[in-house]
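Everything below concerns the one structure shown next.
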Amino acid sequence: MGALRWLSIAATASTALALNPEGLISAPRRSEAIPNPSGDVAVFSQSQYSFKTHKTTSQWNVLDLKSGDIKLLTNDSDVSEIVWLGSDDSTVLYVNGTNADIPGGVELWVSDISDFANGYKAASLPASFSGFKVVTTDSGDVRYVAYAESWANGTAYNEELVAKPLSSARIYDSIYVRHWDYYLTTRFNAVFSGTLKKSEGKGKATYKADGDLKNLVSPVKNAESPYPPFGGASDYDLSPDGKWVAFKSKAHDIPRANYTTAYIFLVPHDGSKTAVPINGPDSPGTPEGVKGDAGSPVFSPDSKKIAYWQMADESYEADHRTLYVYTVGSEETIPSLAADWDRSLDSVKWADDDNLIIGVEDAGRSRLFSIPADAGDDYKPKNFTDGGVVSAYYQLPDSTYLVTSTAIWTSWNVYIASPEKGVIKTLATANKIDPELKGLGPEIVDEFYYEGNWTKIQAFVIYPENFDKSKSYPLLYYIHGGPQSSWLDSWSTRWNPKVFADQGYVVVAPNPTGSSGFGDALQDAIQNQWGGYPYEDLVKGWEYVNENFDFIDTDNGVAAGASYGGFMINWIQGSDLGRKFKALVSHDGTFVADAKVSTEELWFMQHEFNGTFWDNRENYRRWDPSAPERILKFSTPMLIIHSDLDYRLPVSEGLSLFNILQERGVPSRFLNFPDENHWVQNKENSLVWHQQVLGWLNKYSGVEESNEDAVSLDNTVIPVVDYNP
């Protein structure tokens, strides 16, 4: 067992309370902590769902950055966003999600945090805008950007003011037809700019809307920003001097369903000129051969430079993300930074005009690194955070950083760190605040490395409540999606390993071939190897666990996975490894090889299987879970979950698998949500999902009998449709 890196679990048993599905789903969910200009306090939002009232309540709080104390700012559920206004330590601009004058619109209000309820309305906006970024100019005026849906003519889309069409028909002459969970229309996301004029009056200055909003995206045909379904405020930035806006858009001049290519556009804040790409095919500074996705544009403090990341490959969504720094107005080739570093960045911010901070996935964590703005390609950035996954970071006046993160053991962790000293002080953490998470701590998690098919593979181990290594617990083998993704030391409300562990399992979550954060070689090796290298890594991982962990019962083990993990569960069902498990759970996995062409992002399958469906069909069929010889091996009880709004992997994939399992006489159940996509996010649906998944696993692993508090399939009140005689 020398490869296992024990934390404190070897010496002491955990005293954590069991985390159950209701507690997970109803525990408070908090946003990033956003500091004021002086770094004295920070604001953050909090929402909480109640299974008693079946409603969500929300509030905004103030965190004292010296004491860590938290106090309520407002529990007005209409307050959707708050940003600090200028250099004033107590004045904020907030978004009121309702509009007294325009149904479906929002309002901008200005208030002092010491007297929040007595603010005033500064602007009335004609649609549902969000993602506000603001700067105060030398004149004292406030310039801002935000986004909303847009009509082709550039006006903001307001759903409440649109007449319902007489026909529901949709007509398409190009792809996409649909994406993620929606059908494309002639509408698109767009970044708008606006100004609040400062007026000096009695007491404090006041602000009022000045002029109309400007659509900065619509003048570029086929451009869209933020880019759905996951784009947001990180897709654009406003220069500190208020003069420029940079935004990301997928390439507007090539088919978007076939390529990942994206450009960073630059446009005056007032929209006086049409946006132009700084890294497009005709841009003078575009690096040679760099044609892939791009994102996270951010201006330097002096507004003279833009940092962003970009991939080289135009068909590989998980290609290496390299950092670039563009000088505004320059026609020189845009230089890359630390391009030889075997890590791919997720986010970037400026520390000052000469240095940057980047967020990077690294060995199952997401850490912060510092890097000079003129670093060469051979530079190795320096890490200054440790475990967990960083979700946000803001520079404080003393050049330290206010960091918001999560971990497997906490949903919210706020601390101060610096490039020179590392983590300095923890201010607040959810497992000390929330009764639902009471007692959770880093001791519930370990990791180990083992020899995989061709290299060492990392795996997390998550222990159950009151773990005792002298006892034996069934294995729950956790397989992640992506496939170019990974299990991270992060909190999840959908696939939380601690919830599974506390039923009475030891969860083992490997990061096999294809996993991100362990170098490009491991990640890229999955291409055309979906059922090859990763499966072999998982087999070797199971063997390692079986041989080395006396407290893990592999005879009664179970396995579960989603998306690519769902594919792998389907593949395992027809493989020898499938006979090692008492039950399987497949969530939104591909099943029929020839159905892969029904997805929306065609570049994905074309990259993964080295070509198009018609030129390389054998590559698609090479790893086909529905191959006849594999179906004949199906025998392990299996729960299949697939929802109607999943357009990435259509619901027919799950139905096909369920049909075959039923006809083969394999114990099986199909769980469907007509209103969910690739994920299950509705709180009540999430509870049913957990009850069914955990109940299925508990039934066949024996946990249902050994743990009187374990979730049972009978916990679900939804009736089961069963027409068997």
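Note: Cβ is positioned from N, Cα and C throughout, glycine not excepted.
The active site, charge relay system annotation in Swiss-Prot covers SER563, ASP646, HIS678. Marked as N-linked glycosylation site by Swiss-Prot: ASN75, ASN96, ASN153, ASN258, ASN383, ASN453, ASN610. Taken from Swiss-Prot, the feature signal peptide applies to 1-18, supported by sequence analysis.
In the set ASN75, ASN153, ASN258, ASN453, none of the glycosylation sites has a C-alpha within 10 Å of the C-alpha of SER563 (active site, charge relay system). Comparing the Cα of HIS678 (active site, charge relay system) with the Cα of every entry in ASN153, ASN383, ASN453, these being the glycosylation sites, the smallest distance points to ASN453.
Counted over every protein chain shown, other Cβ atoms within 10 Å are most numerous around SER563 among the recorded positions ASN153, ASN383, SER563, ASN610.
DSSP gives SER563 (active site, charge relay system) a coil state; it is part of no helix or strand. Annotated pair ASN153 (N-linked glycosylation site) and ASN96 (N-linked glycosylation site), C-alpha to C-alpha distance, rounded: 26 Å. Ranking the recorded positions ASN258, ASN383, ASN610, ASP646 by the distance of their Cα atoms from the Cα of ASN453 (N-linked glycosylation site) places ASN610 first. Within the same chain, the residues at least 6 positions away from ASN258 (N-linked glycosylation site) whose Cβ sits under 8 Å from its Cβ are ILE175, SER315, LEU602, TRP603, GLN606, listed in sequence order.
Of all the recorded positions listed here (ASN75, ASN383, ASN610, ASP646), ASN75 has the Cα closest to the Cα of ASN96 (N-linked glycosylation site). The shortest Cα-Cα distance from ASN383 (N-linked glycosylation site) to any of the recorded positions (ASN75, ASN610, ASP646) is found for ASN610. Less than 8 angstroms from the CB of ASN75 (N-linked glycosylation site) sit THR57, SER58, GLN59, TRP60, each of them six or more residues away in the same chain. On its own chain, ASP646 (active site, charge relay system) has ASP181, ASP588, GLU676, ASN677, HIS678 as residues at least 6 apart in sequence with a Cβ closer than 8 Å to its own Cβ. When secondary structure is read from DSSP and collapsed to three states, ASN75 (N-linked glycosylation site) falls in the coil class.
Cβ neighbour count for HIS678 (active site, charge relay system) (all protein chains, 10 Å cutoff from its Cβ): 21.
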